Amino acid sequence: MLPSSIQPCSWILLLLLVNSSLLWKNVASFPMCAMRNGRCFMSFEDTFELAGSLSHNISIEVSELFNEFEKHYSNVSGLRDKSPMRCNTSFLPTPENKEQARLTHYAALLKSGAMILDAWESPLDDLVSELSTIKNVPDIIISKATDIKKKINAVRNGVNALMSTMLQNGDEEKKNPAWFLQSDNEDARIHSLYGMISCLDNDFKKVDIYLNVLKCYMLKIDNC
């Protein structure tokens, strides 16, 4: 059973602040909340519309970051080896594609998105920190990674707040895996960062799918 369609969504204010800081590039429009007694109220339908739009743009930006990193370090030996990459989220029981997501209950799908986002909280900090230590890394790559981290953090806060409001399940213990990048070998660190960005790219494609499937569910959109 879904909760009331109109709820106070304080996290929306955070996302709107993100937008005002020009972090919401390519989002043409977004719903505004209604103010009542100094509190922000927004329908869950509009909330998912907002989250779906933002997640899609982040997914595109992560793919761009991955392509730029791969192109810049294409001369590093073995960088593009197609051996299976084991990501920090590989153990999470989450839907692998859109078809599976469509068959997943909305509550479980929302939890899946939250699990992936939570699993990236510390690794995103490590990613931005380690990128700045690599020799000759372009400023644009560091800038994009920093920008993406801020946006993903906003989405994570929003999804967790939304999950708490919709599912009313309280805080659950989080077991977030670590990602170790320590190495004195420059090429080894580049390989690790490449794998890390590749995993982030794959994982955020999943988050994008989940939030947009949820948006279609909430808005009752067919053939989405």
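Yeah, the Cβs are placed from backbone N, Cα and C, and that goes for glycine too.
If you look up Swiss-Prot, you'll see 1-29 marked as signal peptide.
Positions annotated as N-linked glycosylation site by Swiss-Prot, on the basis of sequence analysis: Asn19 (among others).
According to Swiss-Prot, the feature disulfide bond maps to Cys33-Cys40 (among others).
Within 10 Å of the C-beta of Asn57 (N-linked glycosylation site) there are 17 other C-beta atoms, taking all protein chains into account. Taken from Swiss-Prot, the feature N-linked glycosylation site applies to Asn57 (among others).
The N-linked glycosylation site annotation in Swiss-Prot covers Asn75 (among others) and is backed by sequence analysis. Its own atom aside, the Cβ of Asn75 (N-linked glycosylation site) has 6 Cβ atoms within 10 angstroms in the protein chains shown. DSSP assigns Asn75 (N-linked glycosylation site) to coil, not to a helix or a strand.
What Swiss-Prot records for Cys87-Cys199 (among others) is disulfide bond. For Cys199 (disulfide bond), the count of additional Cβ atoms within 10 Å of its Cβ stands at 21 [all protein chains shown]. Secondary structure from DSSP puts Cys199 (disulfide bond) in a helix.
Marked as N-linked glycosylation site by Swiss-Prot: Asn88 (among others).
The annotation disulfide bond is assigned in Swiss-Prot to Cys216-Cys224 (among others). Taken residue by residue with DSSP, Cys216 (disulfide bond) is part of a helix. Taking a C-beta cut-off of under 8 angstroms and a sequence separation of 6 or more, Cys216 (disulfide bond) has the following same-chain neighbours: Cys224.
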Rounded distance in angstrom between the Cα atoms of Cys87 (disulfide bond) and Asn57 (N-linked glycosylation site): 22
Whole-number Å value for how far Asn57 (N-linked glycosylation site) lies from Asn75 (N-linked glycosylation site) (Cα to Cα): 29
Most crowded position, judged by CB atoms within 10 A, among Cys87, Cys224 as disulfide-bonded residues: Cys87
Euclidean distance between Cα atoms of Cys199 (disulfide bond) and Asn57 (N-linked glycosylation site), Å: 17
Euclidean distance between Cα atoms of Asn88 (N-linked glycosylation site) and Cys199 (disulfide bond), Å: 8
